[in-house]
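Peer 1: Following this message is one structure expressed as C-alpha coordinates.
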Amino acid sequence: MSQSTARGPLVLGIETSCDETGVGLVRDGVLLADALASSVDEHARYGGVVPEIAARAHLEAMVPTIERALATAGARPADVDAVAVTAGPGLAGALLVGVAAAKAYALALGVPLYGVHHLAAHVAVDTLEHGPLPSPSIALLVSGGHSSLLLVEDLARAPVVSLGATVDDAAGEAYDKVARLLGMPFPGGPPIDRAAREGTATIPFPRGKAGDGTFDFSFSGLKTAVARWVEARRRAGEPVPVADVAASFQEAVVDVLTAKAVAAARAHGVETLVIGGGVAANSRLRALAAQRCEAAGITLRVPRPGLCTDNGAMVAALGALQVEAGTAPSPLDLPASSTLPLGV
Ligand code: KG4
Ligand code: ZN
(Lines of atoms letter the chains of each structure in order from A and count residues from 1; the text may use other names and numbers.)
(Lines give C-alpha, C1' and ligand atoms only; values in the text may rest on other atoms or scores of the structure.)
(Ligands and ions follow the chains in the order given, each with its own letter.)
Protein backbone atom coordinates (compact mmCIF):
# COMPACT_ATOMS: atom_id res chain seq x y z
CA MET A 1 0.00 0.00 0.00
CA SER A 2 1.47 3.36 -0.94
CA GLN A 3 1.46 6.07 1.68
CA SER A 4 0.97 9.75 0.97
CA THR A 5 4.02 11.83 1.82
CA ALA A 6 2.00 15.07 1.87
CA ARG A 7 2.15 16.58 5.34
CA GLY A 8 -0.34 18.94 6.88
CA PRO A 9 0.61 22.10 8.76
CA LEU A 10 2.61 21.90 12.00
CA VAL A 11 0.64 23.79 14.65
CA LEU A 12 2.17 25.05 17.89
CA GLY A 13 -0.30 25.46 20.77
CA ILE A 14 0.31 27.58 23.88
CA GLU A 15 -1.80 27.34 27.06
CA THR A 16 -1.32 29.61 30.08
CA SER A 17 -4.83 30.22 31.44
CA CYS A 18 -4.13 28.94 34.96
CA ASP A 19 -1.06 27.37 36.58
CA GLU A 20 0.20 25.10 33.77
CA THR A 21 2.49 26.40 31.03
CA GLY A 22 1.55 24.02 28.22
CA VAL A 23 3.10 23.80 24.75
CA GLY A 24 1.83 21.26 22.22
CA LEU A 25 2.76 20.44 18.65
CA VAL A 26 0.21 18.78 16.36
CA ARG A 27 0.41 17.75 12.72
CA ASP A 28 -2.27 15.82 10.80
CA GLY A 29 -4.23 15.12 13.99
CA VAL A 30 -1.16 13.55 15.59
CA LEU A 31 0.32 14.85 18.86
CA LEU A 32 4.07 15.22 18.33
CA ALA A 33 4.94 16.93 21.63
CA ASP A 34 3.15 18.00 24.80
CA ALA A 35 5.55 19.89 27.08
CA LEU A 36 4.35 21.11 30.46
CA ALA A 37 5.73 23.24 33.27
CA SER A 38 3.49 23.55 36.32
CA SER A 39 3.60 26.06 39.16
CA VAL A 40 1.16 23.95 41.23
CA ASP A 41 3.74 23.36 44.01
CA GLU A 42 4.21 27.12 44.45
CA HIS A 43 0.46 27.51 45.14
CA ALA A 44 0.04 24.51 47.46
CA ARG A 45 0.72 26.44 50.68
CA TYR A 46 -2.06 28.93 49.80
CA GLY A 47 -4.65 26.20 49.10
CA GLY A 48 -5.42 27.64 45.67
CA VAL A 49 -3.81 29.26 42.64
CA VAL A 50 -2.32 32.72 43.29
CA PRO A 51 -2.64 34.69 40.01
CA GLU A 52 0.56 36.75 40.34
CA ILE A 53 2.66 33.68 41.12
CA ALA A 54 1.14 31.83 38.15
CA ALA A 55 1.86 34.72 35.74
CA ARG A 56 5.47 35.03 36.84
CA ALA A 57 5.98 31.27 36.55
CA HIS A 58 4.58 31.32 32.99
CA LEU A 59 7.04 34.05 32.06
CA GLU A 60 9.98 32.01 33.34
CA ALA A 61 8.79 28.72 31.84
CA MET A 62 7.60 29.91 28.42
CA VAL A 63 10.74 29.83 26.26
CA PRO A 64 12.25 26.66 27.82
CA THR A 65 8.90 24.85 27.45
CA ILE A 66 8.59 25.84 23.78
CA GLU A 67 12.16 24.71 23.17
CA ARG A 68 11.48 21.41 24.93
CA ALA A 69 8.36 20.78 22.81
CA LEU A 70 10.25 21.52 19.58
CA ALA A 71 13.12 19.23 20.61
CA THR A 72 10.70 16.39 21.47
CA ALA A 73 9.02 16.72 18.06
CA GLY A 74 12.40 16.96 16.30
CA ALA A 75 11.26 20.26 14.80
CA ARG A 76 12.89 23.66 14.35
CA PRO A 77 11.05 26.95 14.97
CA ALA A 78 11.03 27.52 11.18
CA ASP A 79 9.00 24.29 10.73
CA VAL A 80 6.01 25.78 12.59
CA ASP A 81 3.16 26.71 10.20
CA ALA A 82 0.72 28.31 12.68
CA VAL A 83 0.61 29.37 16.33
CA ALA A 84 -2.53 28.82 18.44
CA VAL A 85 -2.99 30.23 21.92
CA THR A 86 -5.63 30.26 24.65
CA ALA A 87 -7.12 33.77 24.45
CA GLY A 88 -9.44 33.11 27.43
CA PRO A 89 -11.15 32.57 29.74
CA GLY A 90 -8.68 32.30 32.62
CA LEU A 91 -6.48 34.39 34.89
CA ALA A 92 -5.82 37.73 33.18
CA GLY A 93 -2.11 38.01 33.94
CA ALA A 94 -1.47 34.35 33.12
CA LEU A 95 -3.31 34.58 29.79
CA LEU A 96 -1.39 37.74 28.88
CA VAL A 97 1.95 35.90 29.04
CA GLY A 98 0.78 33.19 26.65
CA VAL A 99 -0.90 35.57 24.24
CA ALA A 100 2.15 37.86 24.14
CA ALA A 101 4.46 34.89 23.52
CA ALA A 102 2.22 33.50 20.78
CA LYS A 103 2.13 36.87 19.03
CA ALA A 104 5.91 37.16 19.23
CA TYR A 105 6.47 33.69 17.75
CA ALA A 106 3.82 34.21 15.03
CA LEU A 107 5.30 37.57 14.05
CA ALA A 108 8.90 36.38 14.14
CA LEU A 109 8.14 33.22 12.16
CA GLY A 110 5.77 34.96 9.74
CA VAL A 111 2.92 32.47 10.41
CA PRO A 112 -0.77 33.00 11.30
CA LEU A 113 -1.99 33.37 14.89
CA TYR A 114 -5.15 31.61 16.17
CA GLY A 115 -6.67 32.73 19.47
CA VAL A 116 -8.81 29.88 20.83
CA HIS A 117 -11.35 29.40 23.62
CA HIS A 118 -10.07 27.35 26.56
CA LEU A 119 -13.22 25.23 26.93
CA ALA A 120 -13.44 24.43 23.21
CA ALA A 121 -9.79 23.37 23.38
CA HIS A 122 -10.58 20.98 26.28
CA VAL A 123 -13.09 19.29 23.97
CA ALA A 124 -10.81 19.34 20.90
CA VAL A 125 -8.02 17.43 22.67
CA ASP A 126 -10.13 14.29 22.60
CA THR A 127 -9.79 14.16 18.78
CA LEU A 128 -6.06 13.44 19.23
CA GLU A 129 -6.92 10.16 20.97
CA HIS A 130 -10.27 9.14 19.53
CA GLY A 131 -10.42 10.77 16.10
CA PRO A 132 -12.96 13.26 14.73
CA LEU A 133 -15.79 14.12 17.10
CA PRO A 134 -19.27 13.02 15.93
CA SER A 135 -21.60 15.95 15.38
CA PRO A 136 -23.37 16.86 17.57
CA SER A 137 -21.73 15.81 20.84
CA ILE A 138 -22.21 16.82 24.47
CA ALA A 139 -19.13 17.81 26.48
CA LEU A 140 -18.91 17.82 30.28
CA LEU A 141 -15.94 19.93 31.38
CA VAL A 142 -15.05 19.74 35.05
CA SER A 143 -11.92 21.29 36.52
CA GLY A 144 -10.73 23.60 39.26
CA GLY A 145 -11.93 26.59 37.26
CA HIS A 146 -14.97 25.38 35.35
CA SER A 147 -17.94 23.02 35.39
CA SER A 148 -19.85 23.23 32.11
CA LEU A 149 -22.14 21.25 29.88
CA LEU A 150 -21.64 22.13 26.21
CA LEU A 151 -23.33 21.27 22.93
CA VAL A 152 -20.66 20.84 20.25
CA GLU A 153 -21.58 20.81 16.56
CA ASP A 154 -18.28 21.41 14.77
CA LEU A 155 -15.29 22.63 16.75
CA ALA A 156 -13.72 24.50 13.84
CA ARG A 157 -16.79 25.91 12.12
CA ALA A 158 -19.58 26.47 14.66
CA PRO A 159 -19.61 28.10 18.07
CA VAL A 160 -19.75 25.73 21.02
CA VAL A 161 -23.05 26.30 22.86
CA SER A 162 -23.20 26.44 26.66
CA LEU A 163 -26.14 24.41 28.02
CA GLY A 164 -25.31 25.02 31.66
CA ALA A 165 -22.54 25.76 34.12
CA THR A 166 -21.91 25.96 37.84
CA VAL A 167 -23.68 28.82 39.56
CA ASP A 168 -21.06 28.95 42.32
CA ASP A 169 -17.98 26.70 42.90
CA ALA A 170 -16.45 24.57 40.16
CA ALA A 171 -16.41 20.82 40.82
CA GLY A 172 -12.62 20.74 41.25
CA GLU A 173 -12.82 23.76 43.55
CA ALA A 174 -15.26 21.81 45.75
CA TYR A 175 -12.79 18.89 45.84
CA ASP A 176 -9.99 21.27 46.81
CA LYS A 177 -12.03 22.93 49.59
CA VAL A 178 -13.34 19.67 51.05
CA ALA A 179 -9.83 18.17 50.94
CA ARG A 180 -8.57 21.16 52.89
CA LEU A 181 -11.14 20.74 55.64
CA LEU A 182 -10.27 17.02 55.85
CA GLY A 183 -6.58 17.95 56.25
CA MET A 184 -5.55 16.70 52.79
CA PRO A 185 -3.06 18.48 50.48
CA PHE A 186 -3.80 20.70 47.46
CA PRO A 187 -4.92 19.89 44.82
CA GLY A 188 -7.58 17.93 46.66
CA GLY A 189 -9.00 15.74 43.87
CA PRO A 190 -6.41 12.95 43.89
CA PRO A 191 -6.28 12.45 47.72
CA ILE A 192 -10.10 12.46 47.97
CA ASP A 193 -10.30 10.01 45.06
CA ARG A 194 -7.83 7.72 46.85
CA ALA A 195 -9.47 8.03 50.30
CA ALA A 196 -12.93 7.42 48.81
CA ARG A 197 -11.83 4.01 47.54
CA GLU A 198 -11.35 2.92 51.17
CA GLY A 199 -14.74 4.25 52.30
CA THR A 200 -18.46 3.86 51.69
CA ALA A 201 -20.83 6.58 50.48
CA THR A 202 -23.21 6.30 53.42
CA ILE A 203 -23.69 9.99 54.32
CA PRO A 204 -26.58 11.57 52.36
CA PHE A 205 -24.95 14.87 51.33
CA PRO A 206 -27.14 17.20 49.21
CA ARG A 207 -27.15 16.99 45.39
CA GLY A 208 -27.22 20.68 44.42
CA LYS A 209 -29.68 21.49 41.59
CA ALA A 210 -30.35 17.79 40.95
CA GLY A 211 -33.56 17.24 39.00
CA ASP A 212 -34.29 20.97 38.68
CA GLY A 213 -34.67 20.70 34.91
CA THR A 214 -31.62 22.86 34.17
CA PHE A 215 -28.13 21.84 33.08
CA ASP A 216 -26.56 24.06 35.73
CA PHE A 217 -24.61 22.83 38.75
CA SER A 218 -24.10 24.04 42.32
CA PHE A 219 -21.42 22.70 44.67
CA SER A 220 -21.24 25.39 47.32
CA GLY A 221 -24.10 23.96 49.43
CA LEU A 222 -22.49 20.52 49.31
CA LYS A 223 -19.18 21.92 50.51
CA THR A 224 -20.95 23.68 53.41
CA ALA A 225 -22.89 20.51 54.27
CA VAL A 226 -19.65 18.51 54.46
CA ALA A 227 -18.06 21.22 56.65
CA ARG A 228 -21.06 21.24 59.04
CA TRP A 229 -21.11 17.44 59.26
CA VAL A 230 -17.39 17.25 60.05
CA GLU A 231 -17.60 20.12 62.56
CA ALA A 232 -20.50 18.43 64.38
CA ARG A 233 -18.44 15.24 64.72
CA ARG A 234 -15.41 17.14 66.01
CA ARG A 235 -17.51 19.11 68.50
CA ALA A 236 -19.01 15.90 69.81
CA GLY A 237 -15.46 14.59 70.30
CA GLU A 238 -16.12 11.73 67.85
CA PRO A 239 -13.63 10.58 65.22
CA VAL A 240 -14.23 11.77 61.64
CA PRO A 241 -14.58 8.79 59.27
CA VAL A 242 -12.47 10.49 56.57
CA ALA A 243 -12.81 7.75 53.96
CA ASP A 244 -16.60 7.65 54.28
CA VAL A 245 -16.86 11.46 54.16
CA ALA A 246 -14.67 11.48 51.02
CA ALA A 247 -16.71 8.71 49.38
CA SER A 248 -20.04 10.37 50.27
CA PHE A 249 -18.90 13.81 49.05
CA GLN A 250 -17.52 12.31 45.85
CA GLU A 251 -20.70 10.37 45.19
CA ALA A 252 -22.78 13.55 45.54
CA VAL A 253 -20.56 15.34 42.99
CA VAL A 254 -20.35 12.61 40.37
CA ASP A 255 -24.01 11.62 40.72
CA VAL A 256 -25.16 15.11 39.67
CA LEU A 257 -22.47 15.52 37.00
CA THR A 258 -23.28 12.24 35.26
CA ALA A 259 -27.06 12.53 35.66
CA LYS A 260 -27.09 15.99 34.07
CA ALA A 261 -24.67 15.01 31.29
CA VAL A 262 -26.85 12.05 30.30
CA ALA A 263 -29.99 14.20 30.57
CA ALA A 264 -28.40 16.81 28.27
CA ALA A 265 -27.52 14.12 25.71
CA ARG A 266 -31.09 12.77 25.84
CA ALA A 267 -32.66 16.24 25.59
CA HIS A 268 -30.63 17.05 22.47
CA GLY A 269 -30.80 13.60 20.88
CA VAL A 270 -27.01 13.29 21.12
CA GLU A 271 -25.22 9.94 21.16
CA THR A 272 -21.70 10.98 22.20
CA LEU A 273 -20.49 12.39 25.53
CA VAL A 274 -16.95 13.73 25.98
CA ILE A 275 -15.64 14.42 29.49
CA GLY A 276 -12.63 16.67 30.07
CA GLY A 277 -10.96 18.87 32.68
CA GLY A 278 -8.88 17.83 35.68
CA VAL A 279 -11.82 16.19 37.52
CA ALA A 280 -12.24 13.82 34.53
CA ALA A 281 -9.25 11.98 36.02
CA ASN A 282 -11.55 10.93 38.88
CA SER A 283 -11.98 7.17 39.03
CA ARG A 284 -15.56 7.24 40.32
CA LEU A 285 -16.65 9.84 37.75
CA ARG A 286 -15.23 7.67 34.97
CA ALA A 287 -16.89 4.51 36.32
CA LEU A 288 -20.34 6.04 36.92
CA ALA A 289 -20.29 7.90 33.58
CA ALA A 290 -19.40 4.64 31.79
CA GLN A 291 -22.22 2.81 33.56
CA ARG A 292 -24.86 5.46 32.92
CA CYS A 293 -23.80 6.09 29.32
CA GLU A 294 -23.95 2.39 28.55
CA ALA A 295 -27.45 2.16 30.04
CA ALA A 296 -28.54 5.16 27.93
CA GLY A 297 -26.89 3.98 24.68
CA ILE A 298 -24.44 6.89 24.70
CA THR A 299 -20.81 6.53 23.53
CA LEU A 300 -18.47 7.89 26.20
CA ARG A 301 -15.13 9.44 25.24
CA VAL A 302 -12.66 10.47 27.94
CA PRO A 303 -9.10 11.42 27.01
CA ARG A 304 -6.28 9.96 29.09
CA PRO A 305 -5.79 11.91 32.36
CA GLY A 306 -2.71 13.82 31.09
CA LEU A 307 -4.82 15.33 28.31
CA CYS A 308 -7.79 16.11 30.62
CA THR A 309 -5.86 18.64 32.69
CA ASP A 310 -4.70 21.93 31.15
CA ASN A 311 -2.05 21.39 28.48
CA GLY A 312 -0.70 22.75 25.21
CA ALA A 313 -1.85 19.75 23.16
CA MET A 314 -5.48 20.84 23.47
CA VAL A 315 -4.71 24.29 22.08
CA ALA A 316 -2.64 22.86 19.23
CA ALA A 317 -5.44 20.37 18.49
CA LEU A 318 -8.09 23.09 18.18
CA GLY A 319 -5.72 25.38 16.26
CA ALA A 320 -5.00 22.57 13.80
CA LEU A 321 -8.73 21.96 13.26
CA GLN A 322 -9.18 25.67 12.53
CA VAL A 323 -6.23 25.80 10.13
CA GLU A 324 -7.63 22.76 8.27
CA ALA A 325 -11.11 24.33 8.15
CA GLY A 326 -9.71 27.54 6.65
CA THR A 327 -10.79 29.66 9.62
CA ALA A 328 -9.57 33.27 9.41
CA PRO A 329 -6.55 33.84 11.71
CA SER A 330 -6.72 36.27 14.63
CA PRO A 331 -5.32 39.78 14.31
CA LEU A 332 -1.99 40.52 15.98
CA ASP A 333 -3.79 42.80 18.45
CA LEU A 334 -5.74 39.76 19.75
CA PRO A 335 -6.66 40.57 23.37
CA ALA A 336 -6.30 38.15 26.28
CA SER A 337 -9.77 37.99 27.82
CA SER A 338 -10.29 36.58 31.31
CA THR A 339 -14.05 36.33 30.63
CA LEU A 340 -13.97 35.34 26.95
CA PRO A 341 -17.47 34.11 26.05
CA LEU A 342 -18.03 30.96 23.99
CA GLY A 343 -18.86 31.44 20.35
CA VAL A 344 -16.26 34.04 19.38
O1 KG4 B 1 -7.93 21.06 34.51
P2 KG4 B 1 -7.11 21.30 35.73
O3 KG4 B 1 -5.72 20.72 35.78
O4 KG4 B 1 -6.91 22.85 35.99
C5 KG4 B 1 -7.96 23.77 35.99
O6 KG4 B 1 -8.53 23.93 37.07
O7 KG4 B 1 -8.24 24.33 34.92
O8 KG4 B 1 -7.96 20.77 36.98
C9 KG4 B 1 -7.49 20.81 38.29
C10 KG4 B 1 -8.61 20.34 39.21
C11 KG4 B 1 -8.26 20.50 40.68
O12 KG4 B 1 -9.35 21.12 41.34
C13 KG4 B 1 -8.07 19.06 41.16
O14 KG4 B 1 -8.41 18.87 42.52
C15 KG4 B 1 -9.00 18.30 40.24
O16 KG4 B 1 -8.87 18.94 38.98
N17 KG4 B 1 -8.63 16.90 40.12
C18 KG4 B 1 -9.43 15.87 40.52
C19 KG4 B 1 -8.69 14.67 40.32
N20 KG4 B 1 -7.48 15.02 39.77
C21 KG4 B 1 -7.46 16.38 39.65
N22 KG4 B 1 -10.65 15.88 41.05
C23 KG4 B 1 -11.19 14.71 41.38
N24 KG4 B 1 -10.55 13.52 41.23
C25 KG4 B 1 -9.32 13.45 40.71
N26 KG4 B 1 -8.71 12.27 40.58
ZN1 ZN C 1 -9.02 23.96 31.94
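Cβ atoms here come from the backbone N, Cα and C positions, even for glycine.
Automated prediction, rather than curation, is the source of TrEMBL annotations.
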Peer 1: Which one of Asp154, Asp176 goes with Leu141, Val142, Ser143, Gly144, Gly145, Gly189, Asp193, Asn282 at the substrate site, as TrEMBL has it?
Peer 2: Asp176
Peer 1: Starting from the Fe cation binding annotation in TrEMBL that includes His118, His122, which of Asp310, Asp333 is the extra site residue?
Peer 2: Asp310
Peer 1: Any of the binding-site residues Leu141, Ser143, Gly189, Asn282, Asp310 with a C-beta atom under 6 A from ligand 2? Give them in order, or none.
Peer 2: Ser143, Asp310
Peer 1: So if I draw a 10 Å sphere around the Cβ of Gly145 (substrate binding site), how many other Cβ atoms end up inside it?
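Peer 2: A 10 Å sphere around the Cβ of Gly145 (substrate binding site) contains 21 other Cβ atoms.
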Peer 1: Between the binding-site residues Ser143, Asn282, where is the Cβ count within 10 Å the lowest?
Peer 2: Ser143
Peer 1: Determine which residues of the same chain, besides His118, His122, Asp310, have their CB within 8 A of the center of the CB atoms at the recorded Fe cation site, and list them by sequence.
Peer 2: Glu15, Ser17, Cys18, Thr86, Leu119, Ala121, Leu141, Ser143, His146, Gly276, Gly277, Asn311, Met314
Peer 1: Compared by Cα position, which of the binding-site residues His118, His122, Asp310 is the closest one to Leu141 (substrate binding site)?
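Peer 2: Going through His118, His122, Asp310 one by one, the Cα closest to that of Leu141 (substrate binding site) is His122.
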